């Protein structure tokens with residue numbers, strides 16, 4: 001009883017961390033909307049996150065799990081579905097034609113594959129145990145892919161020596177969410193929840209380490225950029241003053 005109460009408490013904390021994780025890209029997409037461009041941001045992590053949320057929402061529902069034993073899993077991933085769809089829609093709206101095509105080429109197979117998974121698990125398997133194994137196995141692969149996708153951003157950080165396209169809060173909440181859901185899965189002896197988070201934890205730590213290493217380089221680059229802008233503004237202002245004086249002399 002105590003163990004179950006602890007598991008529920010960890011599940012609630014996991015929900016909170018996951019909600020912050022799913023909401024973290026709001027700052028990124030606020031920038032996208034403000035600039036009217038997706039710049040160098042990739043939509044792959046959000047598409048993989050959508051696939052993961054779809055599968056684990058289904059996994060946590062009574063159709064697959066026994067009763068509402070994993071209600072915390074289905075509830076937070078249901079919210080994740082709404083947020084990921086919103087982010088993908090914004091990305092598609094502001095993306096150039098080539099990237100829009102790429103997004104559609106990824107999203108359509110994801111939705112189709114999830115639909116087939118839901119149908120097969122409902123009609124081919126008649127016991128909760130077998131349904132959990134089937135859906136959980138696919139969810140395991142999806143989770144590993146989702147947690148591995150930020151490595152694209154990590155590679156970009158190492159190449160450019162800038163953390164501009166790897167937001168700190170996204171990395172932090174990814175680590176916290178992985179750690180809590182790993183504990184939740186272990187307490188419930190559910191390997192399909194704990195296993196992918198064994199990978200998510202070190203991935204989150206790696207991102208945080210990279211952020212700490214390259215943050216100073218990014219800050220120095222921003223300072224140099226600001227200085228260049230100020231110098232450029234001063235030069236333009238000085239040129240205008242000189243031009244104005246020359247005009248006055250010519251008039252005299």
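Glycine is treated like the rest: Cβ placed from N, Cα and C.
Please treat TrEMBL annotations as automatic predictions, because they have not gone through curation.
Source: prediction; values computed, not measured.
These come from TrEMBL:
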TRANSMEM  6-29  transmembrane segment
TRANSMEM  41-61  transmembrane segment
TRANSMEM  73-94  transmembrane segment
TRANSMEM  106-126  transmembrane segment
TRANSMEM  132-154  transmembrane segment
TRANSMEM  166-187  transmembrane segment
TRANSMEM  193-214  transmembrane segment
Counting Cβ pairs closer than 8 Å, which of 41-61, 106-126, 132-154, 166-187 has the most of them with the transmembrane segment (6-29)? 166-187
Taking the transmembrane segment (132-154) as the reference, which of 41-61, 73-94, 106-126, 166-187 gives the largest number of Cβ pairs under 8 angstroms? 41-61
For the transmembrane segment (73-94), what are the same-chain contacts with Cβ under 8 Å, counting residues 6+ beyond its ends? 11, 14-15, 18-19, 22-23, 25, 29, 32-33, 36-38, 41, 43, 46-47, 49-50, 52-54, 56-61, 100, 103-104, 107, 193
